[in-house]
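Structure record follows, encoded as structure tokens.
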Amino acid sequence: MENTLGEGSTVNASVDVDQHGNDNNSDSNANAAVAGVANTDTAGEESQQQDESLKDEATVPNTRDAESEAITVTAKQQPTMQANKLDSQETPSTEESRAQNVFGQDNEDSDNLFGETESSVSNNEANTPSIPTNPVDNENNKPAIKEDSTIQDSNGDVKNMEDVKIQKEEEPENNTVIEGVKEESQPDENTKEMDEVEEDDEDDDQPMISPDNSIFGDTKSESKQLGNTSSVANTPSEIPDAHKAEQEDIIEKTESVDKKVDSGEERNEQEREIMNDHSKSANPKKTTITRVEPETFEIPQAHEIVIPSYSKWFNLEKIHSIEVQSLPEFFTNRIPSKTPEVYMRYRNFMVNSYRLNPNEYFSVTTARRNVSGDAAALFRLHKFLTKWGLINYQVDSKLLPKNIEPPLTSQYSTRHDAPRGLFPFESYKPSVQLPDMAKLKKMMNTSDSESTLYKYLKESKRKYDEITHPPSTTDDENGDKNDNGGKMNNEVSTSTSMTGDANLLEEGETSRPLKKVKILEQIDENWSKEDLQKLLKGIQEFGADWYKVAKNVGNKSPEQCILRFLQLPIEDKFLYGDGNGKGDNDNGLGPLKYAPHLPFSKSENPVLSTIAFLVGLVNPKTVQSMTQRAIQSAESIKSQKEEISDQKPIEHIKEGSEIAISSLGYRSHIFATNEERQMNFLTNELIRLQMEKLDAKLNHLKKLEKFMELERKTLERQQENLLIQRLNFNQNSSKIVNVLSKCLNLISDSNINNSSVAEKEEIRSQIDHFKSMLSKPETLSIGKNPFNKPNIETGENHNGQSISNENDVKPISIEAPQFYRYWSA
């Protein structure tokens, strides 16, 4: 039964591990205990006795008697089992503890079916003898657990048991540590459980001890042995009949518990295999288990981030008031998708993405691909960050996106098209082919009945006569109308006589009443030459103020003045040509010879186009009066054809010249305006030139002042040098006089021939000094030694050569800054 006991101990250990939450530790302790690790010397002696008992052990069949339910064991096993009872008496039986855990504890503690501590399990396994198992146990794979009951002497004294219990409570501290994890013992709970089991054993199930201190067995252990079909009995005696009823109840209860144990065994087998692998590779050193914290995703900074100084208010963790004012849509709390949190997420994403590589342009498209939200809001946020230099500030200008525009087409040629009768407004361009001027002159000749202009004027006169003078039936009526012509002009005609379009009317219909033009009554042909001169003079003086012009004339109204001015011909055909008025040659074309230069030369009929243009600038009523005047002129010319005269119409020539001059006077204000503009331009130009001339003189004066200031400074410096030289001369002269007087005194005091060598040397030295002072007089300078003292470093060496020392002379920028400014310029 060695394998069976080993499995049973493993089951006890695994169940106990479920109670304390240390499955791996308890299984490792169990494996270490089975491997033969003993805690005390007593355990070593017991293991030696087990080996000796196994040698003499005989096979005992494990048979079950249904009637007596007794289990027999060989007599050779009794001493070994009795010796092991001392170690097992401090703990209750395995089956009793399991029953107590099942029926006396909560459901959460139902996994700990054996109620033993880890130390007791390991000790029981170490002290349990090896008992062979039968083939039935191996087939059913059920552990045969030996029941260890409490040991009592013949007098019923349990003092020895308490001593052993106290000793055993101290032993868990010496248990083996596997994989560096220390077991945690629970002496309080185990002691409580053992006390309860001992009380139940003493009251109910007192075992009977044979004279040789062998246990006949107790009820609970026997019931467990019957349930597992394999057990160990302490004596070959039978179970008392008084306990059969309790035995049957316990068997039924333990079967339900065994089912739970079987389900836990499958799980424990897997844990056992894992722990066996760990136990093989376990080291005696304690290992520490450390929790690995998840690594934070941080990217080291690889670029220097630069933002403009005016954006130092920006902070990634806060929202500034500038942002609230620039993008208020995120801070109104009206739109759920636009909140300050969403704004910070958008903003920080753009800023962080840009700062990963500040040399690359961060576009709006990149933000839209990675951030979900309003595209317009993202665009405004991107524009705001770019404006303040928070993004795209370090990007090279060559990498910035450029506006894609179509190529320029200014060099393309274009062709202008216009409707007929219109012309493009462009500068003068002479036509390639000149028109037929003779034909044009013939068309403009009003004296020729075949000309187009004559026909047009005649037709206009006919229509006008039909409107103003309807035909009458009798001559009397005509006479009355002629007498009362002024009255007819002021009334509206309601005549239904036939007019030019009367044929278009049906019977019973009348044409609309025609209104007479009131301006016709203002026409006055009684203009004298003095009145015309006053009119032209008034136009020259007052221009278009016709009230003043009429006042200047005196006896005419403003309307009459206007009509008379319009009746004046602009050009006269007698002013040009040979004076015969025919204009057959080219010299008689007059202004028409310049027709190709007019802007109407490209039209089909330039004459009519010119007339239409000029007529459009005048009041229609005025045009009508001018037409009437032209018709009257044509009739007078026709009547004069019969009277051929060789004399030239001098009066007409004079009148034409006056008209031309008056027209020029009328248009003089236009030329005056142009001249006034030209005068203003010339005046401004003259003022500008005078100002430039004045500025040039002032600049020249400033230069002269600077030059005079420089000369003054130079003169002051020369005066200072002269004064220094005078002082130096006086000083040197006094020194020379002193030396000379000293030499003379020496010579006079003693005769040179009789003097000693020392006196001669002194005289010689004084003479040499006198020579040196005469040859090289002392000079004052601006250096460190201005008076050339012998003990101070000077600019001369011992050989008399001057040495330039830069430290002796100050630079010009320090000594005279005003001169340095002029020289540097």
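Using the three backbone atoms N, Cα and C, a Cβ is placed for every residue, glycine included.
The compositional bias 'Polar residues' annotation in Swiss-Prot covers 1-13, 74-104, 117-138, 224-237. Sequence annotations record features per position, and here Swiss-Prot assigns region 'Disordered' to 1-285, 464-509. According to Swiss-Prot, the compositional bias 'Low complexity' annotation covers 22-42. According to Swiss-Prot, the feature phosphoserine maps to S88, S185, S657, an assignment based on a large-scale study or a structure entry. Residues annotated as compositional bias 'Basic and acidic residues' in Swiss-Prot: 159-169, 180-194, 240-280. According to Swiss-Prot, the feature phosphothreonine maps to T235, an assignment based on a large-scale study or a structure entry. Marked as domain 'SWIRM' by Swiss-Prot: 305-402. As annotated by Swiss-Prot, domain 'SANT' applies to 522-573.
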Helix-strand-coil residue split for the domain 'SANT' (522-573), DSSP-based:
34 helix, 0 strand, 18 coil
Helix, strand and coil residues within the domain 'SWIRM' (305-402) as assigned by DSSP:
52 helix, 0 strand, 46 coil
Around the C-beta of S657 (phosphoserine), how many further C-beta atoms are within 10 angstroms, looking at every protein chain?
12
Where does the mean pLDDT land for the domain 'SWIRM' (305-402)?
92
Would you mind pulling the DSSP three-state label for S657 (phosphoserine)?
helix
